[in-house]
Amino acid sequence: MAHSVKIYDTCIGCTQCVRACPTDVLEMVPWNGCRAKQIASAPRTEDCVGCKRCESACPTDYLSVRVYLRNETTRSMGLAY
């Protein structure tokens, strides 16, 4: 089972996460929801190694891209309500 990579609509289209990913999991796709007219997408999650470099590179303080490791759930991370 691969890790789950979630891209949220707070993405500003800066490409930092795409450049930080060592396994090319992420790519930019056209999107009209931000000034950059593009958003990160994760079409190759099976290649994700769970390093979370994309999270660290994100200038929106982890609000745009999140990597959930295989055994990680929103409940185990204290995010469930």
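Including glycine, each Cβ sits where the backbone N, Cα and C put it.
Values in this document were obtained by computation on a predicted structure and should not be read as measured data.
Residue counts of the domain '4Fe-4S ferredoxin-type 1' (2-31) by helix, strand and coil are 5 helix, 8 strand, 17 coil (DSSP-based). According to Swiss-Prot, the domain '4Fe-4S ferredoxin-type 1' annotation covers 2-31.
Long-range Cβ contacts of Cys14 ([4Fe-4S] cluster 1 binding site) within its own chain (separation 6+, distance under 8 Å): Ala36, Pro59. What Swiss-Prot records for Cys11, Cys14, Cys17, Cys58 is [4Fe-4S] cluster 1 binding site, and it gives sequence analysis as the kind of evidence.
Secondary structure at Cys51 ([4Fe-4S] cluster 2 binding site), as computed by DSSP, is coil. Annotation source Swiss-Prot lists [4Fe-4S] cluster 2 binding site at Cys21, Cys48, Cys51, Cys54, citing sequence analysis.
Beyond the domain '4Fe-4S ferredoxin-type 2' (39-68), the same-chain residues lying 6 or more positions past its ends with a Cβ under 8 Å from any Cβ of the stretch are 2-29, 31, 33, 74, 77. Marked as domain '4Fe-4S ferredoxin-type 2' by Swiss-Prot: 39-68.
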Which of the binding-site residues listed here (Cys48, Cys51, Cys54) have a Cα atom within 10 Å of the Cα of Cys17 ([4Fe-4S] cluster 1 binding site)?
Cys54
Using the structure shown, find which entry in Cys11, Cys48, Cys51, Cys54, Cys58 (the binding-site residues) has the sparsest Cβ neighbourhood within 10 Å.
Cys51
In the predicted model, what is the mean pLDDT computed over the domain '4Fe-4S ferredoxin-type 1' (2-31)?
90
Starting from the Cβ centroid of Cys21, Cys48, Cys51, Cys54, which together make up the recorded [4Fe-4S] cluster 2 site, report each further residue of the same chain whose Cβ lies within 8 Å of that point, ordered by sequence.
Val5, Cys17, Ala20, Pro22, Thr23, Val25, Leu26, Val49, Gly50, Lys52, Arg53, Val67
CA-CA, which of the binding-site residues Cys21, Cys48, Cys51, Cys54 lies nearest Cys11 ([4Fe-4S] cluster 1 binding site)?
Cys54
